[in-house]
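Below is one structure; the comments refer to it alone.
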Amino acid sequence: MMVVMSSDPAPTAQNPTVRHGAADWYELFFDLVFVVVVAVSVHLIEVDPSLGTIVAFVLLLFPLWWAWANLMITNNLFGERFRVMGALVVAAMPGPAMMAVAISGGIDRFAWLYAAGAAWIRILLLIMWMVPRTTSASSISPWRTVAYNLVTAALWLVSIVVPAPYQYVLWAVAVGGEMLLLAIRSRFSFEIYDRASVSHSLERIGLFVVIVIGEAVYLSVTGLAGHPSVEGGASALFGLVVCAMIARGFFRWGIPSTEVGLESAQRAQRYGALRDVVMYLPFLLIVGLTFVAASIGTAVVEAAEPLPPGVRLLLATGVGILYLTNGTIGLRLGRHRARLALLVVPGVLLPALACLVSGGLPAWVTIALIAVTLVALDLVALALERTAAHTSGPPQLVD
């Protein structure tokens, strides 16, 4: 599983047929653009944590995530064999940068910039997919490649001259078309899932998670520096504990368990599980972590006052999303439902209860209760890990 604690032991067996490549420098450089994307998103939520802002954030972030995931997978497949891929990945950076600027400046005024950025990424993706065909390194039909990248790029470009809200419909059609092409069982999907490096994919996703956790740490420190107080220090301290528990769950249990589960799915050709765990479900993790980061930032600045109801709801929702997504990933990889429930159910209910009962208390108390909850769940995960090896059977993958 991916983020919070797994009740199954983290197996150590590896699939020798899959290469284990580390992320290259240009991939890390490219991800710096998404540091800005996350910072812009968190700032918007901090300023206005209303339902409208939250919905807009999720809808506008998904095309960015989807573009990132497609670039990641494409480089995963061809980056080691074609040096030009590094230059193309770097050349794609203006795309998400334009989309981030559009979100920050107001999508109603800068929708054209958002669409232009999305189109630019797809043009670069088209080139990245055509390069392997020069040496027959890819057997995918060029028409499928054109449909997946050039046609959708055209939709984004056409949307620039289409008035709202119809331009948003074109955006949805463009992204939805790509998702449909990826879901259809064909040589396109088989080549992607058979050749993809699981370890490389998880490393890149892990680095993205670090970006969002890092934003929470940044907000804790800068918030305290701008509004120094004892209460703010307590909020920042407990916020760091929350971040540490999330990071520990991801790297201690999530990555090892997920890697083995995905490699098993790859060997069994369970491409639906691979697609969901690598392409779709991590987006929910990013959303949940962004909610947590924005809530911690607000709690540090307004530490002596009760958190507004909207922020408490945002915090509880963020932690709950992490655990629910964690459980969904576990189910997709064939983990035992009963043990998943032992962590997922309290992982959703206890943070919600903590935010509810602390409504009239200072913000730092709310963050402290969340921190205590995550530490307690970490101890439960440790206990379950000790017993899982003696009671668990082989996972049953669900496609």
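Cβ coordinates are placed from backbone N, Cα and C, and glycine is handled just like the others.
Beyond its flanks by at least six residues, the transmembrane segment (28-45) meets 53-54, 57, 61, 64, 68, 71, 89-90, 92-93, 96-97, 99-100, 103-104, 204, 207-208, 211-212, 214-215, 218-219, 286, 290-291, 293-294, 297, 314 of its own chain at Cβ-Cβ distances under 8 Å. Annotation source TrEMBL lists transmembrane segment at 28-45 (among others).
The transmembrane segment annotation in TrEMBL covers 51-73 (among others).
Residues or ranges marked as transmembrane segment by TrEMBL: 85-105 (among others).
For 111-131 (among others), the entry in TrEMBL reads transmembrane segment.
The transmembrane segment annotation in TrEMBL covers 143-162 (among others).
Marked as transmembrane segment by TrEMBL: 168-184 (among others).
Marked as transmembrane segment by TrEMBL: 205-226 (among others).
As annotated by TrEMBL, transmembrane segment applies to 232-251 (among others).
For 277-301 (among others), the entry in TrEMBL reads transmembrane segment.
TrEMBL lists 313-333 (among others) with the feature transmembrane segment. Long-range contacts of the transmembrane segment (313-333) within the same chain, counting only residues at least 6 positions beyond its ends with a Cβ under 8 Å from a Cβ of the stretch, are 1-6, 8, 45, 49, 54, 246, 254, 257-258, 261-262, 264-265, 272-273, 276-277, 281, 284-285, 287-292, 294-296, 307, 340-341, 343-344, 347-348, 351-352, 354-356, 366, 370, 373-374, 395, 397-398.
The annotation transmembrane segment is assigned in TrEMBL to 340-359 (among others).
For the transmembrane segment (365-384), same-chain residues at least 6 beyond its ends with a Cβ under 8 Å from one of its own Cβ atoms are 4-7, 234-235, 238-239, 241-242, 245-246, 248-249, 253, 296, 299, 306-307, 312, 315, 319, 339, 342-343, 346-347, 350-351, 354-355, 357-358. Summarising the annotation, TrEMBL assigns transmembrane segment to 365-384 (among others).
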Please indicate, using numbers and ranges, the residues of the same chain that are 6 or more beyond the transmembrane segment (340-359) and have a C-beta under 8 Å from a C-beta there.
4-7, 306-307, 309, 312-313, 315-316, 319-320, 322-324, 326-327, 330-331, 365-366, 369-370, 372-373, 376-377, 380-381, 384
Between the transmembrane segment (51-73) and the stretches 85-105, 111-131, 143-162, 168-184, 277-301, work out which stretch tops the count of Cβ pairs under 8 Å.
277-301
Please determine whether the transmembrane segment (143-162) and the transmembrane segment (111-131) are in contact (criterion: at least three Cβ-Cβ distances under 8 Å, sequence separation 6 or more).
yes
